[in-house]
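Here is what Swiss-Prot says about this protein:
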type	residues	note
ACT_SITE	GLU194	active site, proton donor
ACT_SITE	GLU263	active site, nucleophile
DOMAIN	791-877	domain 'SUEL-type lectin'
CARBOHYD	ASN37	N-linked glycosylation site
CARBOHYD	ASN463	N-linked glycosylation site
CARBOHYD	ASN485	N-linked glycosylation site
CARBOHYD	ASN496	N-linked glycosylation site
CARBOHYD	ASN527	N-linked glycosylation site
CARBOHYD	ASN785	N-linked glycosylation site
CARBOHYD	ASN881	N-linked glycosylation site
SIGNAL	1-30	signal peptide
Amino acid sequence: MAESIRTFSLQWRILSLIIALLVYFPILSGSYFKPFNVSYDHRALIIAGKRRMLVSAGIHYPRATPEMWSDLIAKSKEGGADVVQTYVFWNGHEPVKGQYNFEGRYDLVKFVKLIGSSGLYLHLRIGPYVCAEWNFGGFPVWLRDIPGIEFRTDNEPFKKEMQKFVTKIVDLMREAKLFCWQGGPIIMLQIENEYGDVEKSYGQKGKDYVKWAASMALGLGAGVPWVMCKQTDAPENIIDACNGYYCDGFKPNSRTKPVLWTEDWDGWYTKWGGSLPHRPAEDLAFAVARFYQRGGSFQNYYMYFGGTNFGRTSGGPFYITSYDYDAPLDEYGLRSEPKWGHLKDLHAAIKLCEPALVAADAPQYRKLGSKQEAHIYHGDGETGGKVCAAFLANIDEHKSAHVKFNGQSYTLPPWSVSILPDCRHVAFNTAKVGAQTSVKTVESARPSLGSMSILQKVVRQDNVSYISKSWMALKEPIGIWGENNFTFQGLLEHLNVTKDRSDYLWHKTRISVSEDDISFWKKNGPNSTVSIDSMRDVLRVFVNKQLAGSIVGHWVKAVQPVRFIQGNNDLLLLTQTVGLQNYGAFLEKDGAGFRGKAKLTGFKNGDLDLSKSSWTYQVGLKGEADKIYTVEHNEKAEWSTLETDASPSIFMWYKTYFDPPAGTDPVVLNLESMGRGQAWVNGQHIGRYWNIISQKDGCDRTCDYRGAYNSDKCTTNCGKPTQTRYHVPRSWLKPSSNLLVLFEETGGNPFKISVKTVTAGILCGQVSESHYPPLRKWSTPDYINGTMSINSVAPEVHLHCEDGHVISSIEFASYGTPRGSCDGFSIGKCHASNSLSIVSEACKGRNSCFIEVSNTAFISDPCSGTLKTLAVMSRCSPSQNMSDLSF
């Protein structure tokens, strides 16, 4: 067996080299397809003269590193996607007016070329407003400083900048020969984004803006169709598309346009202090199947991969650093099972139906019951002969239904769709999950080879490996710290001062307290109070550099008691943003910091109007300005050794060095011991962190897939920290001595920070004899030639570790009537005694395996006349460790 594993490893390396060469060649040649045109009719997009049913995977390139892109694209294709969809992020590409950035995570051309080299198409959503839970909705903050500007309306300054950027992107794609008519992957573009949600706020100017945006886009000569999503008044030559949890009832505003679903929300975003969203795979598959059943032709998962809001890119306010979104690929690019696998099966079933779906101009409708219906597609196939496909739906949320269709009986589980690619046999039902379930395991770091000498730096306690026992600390100054401050009479709006170069803005004023004030307070009780009509997101109030208190909220009234001493006192206000507003009308007016009046109450002679006081302003932190989080500049700061018994302190910088974990599994920092702040590794900004507990109530004990989904249904993680693990991409790590720097705002213990790896360590499969046959069997020559009946094919359990991993052990296997679910299986009354040995022989030491669910596979029938199920629980381990295992 060890020899076979070594052979497998060699074969895998050779295969990887071949794949790399195949990918690299078209990138060099600049051509990915034979040039083709894209048009559309009422039924579908027409690609190279043929109607297509398309599945799209939403991937935002800046939410991953370039080193991750190829794997994400490959897994999307493996999962059945035809298209990748992404926004274009204006504030990432033009952070300073006229200065463009197309490097690193913003190397858009490279991302598009990788998509083309994989054989997938691209839907490029230029916007340039994107929403996307992205900082300021993708708009660069400098845009709001242009005199007279109003965003997203018939406003000349805005239209000028928008046209300039959209033209820049279209020209960039054309110059790189990335449009389909040039042999590239781009088949469709988008202008604006969900403008219909806010259009009424702008009146007639909004309607005029829609017409202008469409005309401007079409005038660029991109040569592919343009769409507008959630735009019922989209002009005739722009396709209006649907966004939402369900779009099977959507109809475009013209009979000449196809039904497109640009955002299928397969999960939801998360706010600090919120629970985690979860959309069941069964409901998501139901929504997609219903969409194609009722005439849809293009559907995109928002998101297929969510990724990470690195740096300060998260929008909000208060959106967390993780953008996992409960997507089919998780934040790190690992498959989320069973969602990824169940959707892969769904896509395969839809592809089997595609000849019939494109042959018919519209489906034939047939009522099967009070809440049951069929849609039948039939016509002439491209290669001759008749084609037929049918979708049987049961929209009853509670009861299964037995229906008759074409003379045959079918059982439809509640809230499900059965897909019949030949109008006779069921290839897939949305409520019957045959895909494996994966359980993500988070493991303490194993030092990489060659780094064993630093093991003494790792502290072990309660089976936790902490990142380091050696930390340095540096106190961030409270208040004005540099010469680049300025003084102004009155309170200024936060963004007008910071230009979003930092989350933080210091305000300082001098408060004079008389002896009479002191006597007045002694006689009348409490001291003075800072009162501000409205503030966002975080306000901290200091008196003479001592923290008086803090307030968190979104445009909430701020009232903070303060205590002064007699004489002159420094009143310091620190405002802080936690992601700029990314959704809504009039974004340019939203701003940050304070609104309304600010006053200081409780003085003997009355309130003090702080709005008219003289204030000194300082943007950002001294540590930020000195770039002490970078490898180049951190040694210039005056760090001191942090004692292990040091008390938590506010406004502290911490640094240490660590070696990366061995292997290729995704790396995370566990920051549960910290309070709130920001983190950097080797100068790369990991993002904001915040150890805030979600509400205790609101999570369902059980998640029922049946019935319409919303973001509050099936949530998880109630009563726990919203986020504790923060992704550190492997490409940002060096072989040893990686610099970790944190800025801690509220107080935490860096000695309990740990570095961990995440992988799909546990796989489970549970499939019964009544399950449908594997989708791949429909494409075998025996079935196509008619020498095999699909009904004679047994279902299978399919187990598949992540790349670079193999099945190291079978923890449980039972063919019969097993009880329980993944990580909790037990043997039932009926059990084939050879289950464990049969499954182990088929799977152990392999990256993936198939086990037939049949008496034949297990040699005999353990309980005649009983419907049997195969349940398996296995573990995956890195393949390089397999040589240490005995078989």
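Quick reminder: no glycine exception, Cβ is built from N, Cα and C everywhere.
Within the set of glycosylation sites (ASN37, ASN527, ASN785), the lowest number of other Cβ atoms found within 10 Å of a Cβ is recorded at ASN785. It is GLU263 that, of the active-site residues GLU194, GLU263, has its Cβ surrounded by the most other Cβ atoms within 10 Å.
Taking only the Cα positions, the spacing between ASN527 (N-linked glycosylation site) and ASN496 (N-linked glycosylation site) is 32 angstrom.
Checked against ASN37 (N-linked glycosylation site) by C-alpha proximity, the recorded positions GLU194, GLU263, ASN496, ASN785 yield GLU263 as the nearest. For the domain 'SUEL-type lectin' (791-877), the mean pLDDT of the prediction comes to 96. Closest to GLU194 (active site, proton donor) in space, going by CA atoms and restricting to the glycosylation sites ASN485, ASN496, ASN785, is ASN496. Under the three-state DSSP scheme, ASN496 (N-linked glycosylation site) falls in the helix class. The residue listed as 'active site, nucleophile' sits 34 Å from ASN496 (N-linked glycosylation site), taking the C-alpha atoms as the reference points. Counted with DSSP, the domain 'SUEL-type lectin' (791-877) comes out as 11 helix, 34 strand, 42 coil. DSSP assigns GLU263 (active site, nucleophile) to a strand segment in the three-state reduction. ASN496 (N-linked glycosylation site) and ASN485 (N-linked glycosylation site) have their C-alpha atoms 14 Å apart, to the nearest angstrom.
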